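Taken from Swiss-Prot, the feature active site, nucleophile covers ASP17, GLU312. Sequence annotations record features per position, and here Swiss-Prot assigns active site, proton donor to ASP19. Annotated Mg(2+) binding site per Swiss-Prot: ASP17, ASP19, THR260, in sequence order, evidence recorded as similarity to another entry. Per Swiss-Prot, ATP binding site is recorded for GLY248, LYS254, THR260, ASN262, LEU315, HIS317, TYR324. The FMN binding site annotation in Swiss-Prot covers ARG337, PHE342. The N-acetylserine annotation in Swiss-Prot covers SER2, and the record cites a large-scale study or a structure entry as its basis.
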Amino acid sequence: MSMSNSLKKLSSCVLIDLDGTLINTDGVVGDILRKYLCKYGKQWDGRESLKIVGKTPVEAATTIVEDYELPCKVDEFNSEFYPLFSAQMDKIKSLPGANRLIRHLKCHGVPVALASNSSRANIESKISYHEGWKECFSVIVGSDEVSKGKPSPDIFLEAAKRLKKDPADCLVIEDSVPGVMAGKAAGTKVIAVPSLPKQTHLYTSADEVINSLLDIRLEKWGLPPFQDWIENTLPIDPWHIGGPVIKGFGRGSKVLGIPTANLSTKDYADELVEHPSGVYFGWAGLAKRGVFKMVMSIGWNPYFNNKEKTIEPWLLHDFTEDFYGEELRLIIVGYIRPEANFSSLESLIAKIHEDREVAEKALDLPSYAKFKGDPYLTK
């Protein structure tokens with residue numbers, strides 16, 4: 001995405017947020033609120049997320065109680081909500097790139113502080129479900145250990161103090177606007193990884209805004225670079241989706257000259273939430289036709305300004321007929337780049353064909369080619 005020209009000093013340590021940055025807390029919170037609010041005849045539709053992301057638990061609870069006009073006090077809400085949340089804590093998944101990032105920093109001896117608006121006990125509980133994470137953090141700071149939570153700089157200043165580092169030498173990684181504000185107020189450099197879609201315009205004060213942790217380039221900040229990119233692609237933990245092919249927007253073949261095979265988003269809503277927007281690749285299987293190389297986009301397609309997040313796979317084969325209704329199986333094995341907007345249709349088409357070339361070449365490599373024989377593709 002973007003990087004400001006204000007970068008002056010390199011970094012010697014990292015201060016990183018937890019909820020929404022390393023783990024998908026928002027997904028579990030949303031599920032609980034959706035059920036909880038029903039008993040009051042209210043409906044959680046996610047629009048309040050922007051108001052509570054990055055806030056302390058008390059601030060978030062106050063917002064919900066007031067905005068939904070709940071017939072209870074904030075402490076009563078919390079006494080009911082937190083047992084429900086604690087029972088679901090083991091279901092909070094790490095976000096793509098999180099495990100890779102913190103283990104890489106640990107391996108290279110980079111001091112890392114976990115600095116969150118959650119309480120210290122809450123932080124400890126959350127990371128206990130992620131094996132080996134606690135050992136990756138030199139310091140852990142919760143909002144109950146300082147005078148004020150984010151957007152106050154207190155949490156990051158305390159983290160830098162415990163690491164015995166000047167804040168100017170620290171790199172903050174944050175998903176929320178309050179977190180970015182806190183990092184800048186503390187005098188650190190800040191990378192924003194927005195956790196809410198289509199909200200990047202709110203993060204202009206950050207030194208850099210990236211799409212996901214998969215896109216972080218540590219060498220920009222004087223930190224040890226990742227060495228796991230292969231032929232301009234990043235191997236990822238494979239994930240599987242499938243379903244009958246349906247008709248899409250009708251622009252793949254007609255507008256772009258690129259026939260995509262669309263799947264119903266209702267069948268894999270969880271996968272859409274878990275995986276960041278961008279261009280991926282892998283293998284596609286049609287039981288009656290075989291297995292084919294595939295490149296696909298996940299996201300909002302900003303050029304066309306989609307209203308919903310979609311997955312649009314392009315099977316890299318010339319088919320002589322449509323195959324609507326046939327079962328399509330996908331194994332996604334690698335990542336190419338973040339989602340981007342384009343100034344013209346021609347530049348968009350050119351980039352899609354460039355992605356195709358990258359995917360076709362990469363899928364011949366043994367580390368990716370081995371997935372072609374996965375029985376999931378044709379069963």
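Glycine is treated like the rest: Cβ placed from N, Cα and C.
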- Message: Counting across all protein chains present, how many other Cβ atoms fall within 10 Å of the Cβ of THR260 (Mg(2+) binding site)?
- Response: 21
- Please report how many Å separate the Cα atom of TYR324 (ATP binding site) from that of GLU312 (active site, nucleophile), as a whole number. 14
- Do me a favour and check the Cα-Cα span between GLU312 (active site, nucleophile) and ASN262 (ATP binding site); whole Å is fine. 6
- Looking at the recorded positions ASP17, ASP19, ARG337, PHE342, which ones sit with their CA no more than 10 Å from the CA of LEU315 (ATP binding site)? none
- One residue among the binding-site residues LEU315, ARG337 has the fewest other C-beta atoms within 10 A of its C-beta, namely ARG337
- Message: Counting only residues 6+ away in sequence within the same chain, which have a CB under 8 Å from the CB of HIS317 (ATP binding site)?
- Response: PHE292, LYS293
- Going by C-alpha positions, which of the binding-site residues (THR260, ASN262, ARG337, PHE342) is nearest ASP17 (active site, nucleophile)? ARG337
- Query: GLU312 (active site, nucleophile) has how many other Cβ neighbours within 10 Å of its own Cβ?
  - Reply: 20
- Note on the structure: Out of TYR324, PHE342, the listed binding-site residues, fewest other Cβ atoms within 10 Å surround the Cβ of TYR324
- By CA distance, which of the recorded positions (ASP19, THR260, ASN262) lies nearest to PHE342 (FMN binding site)? THR260
- Other C-beta atoms that fall within 10 angstroms of the C-beta of ASN262 (ATP binding site): 19
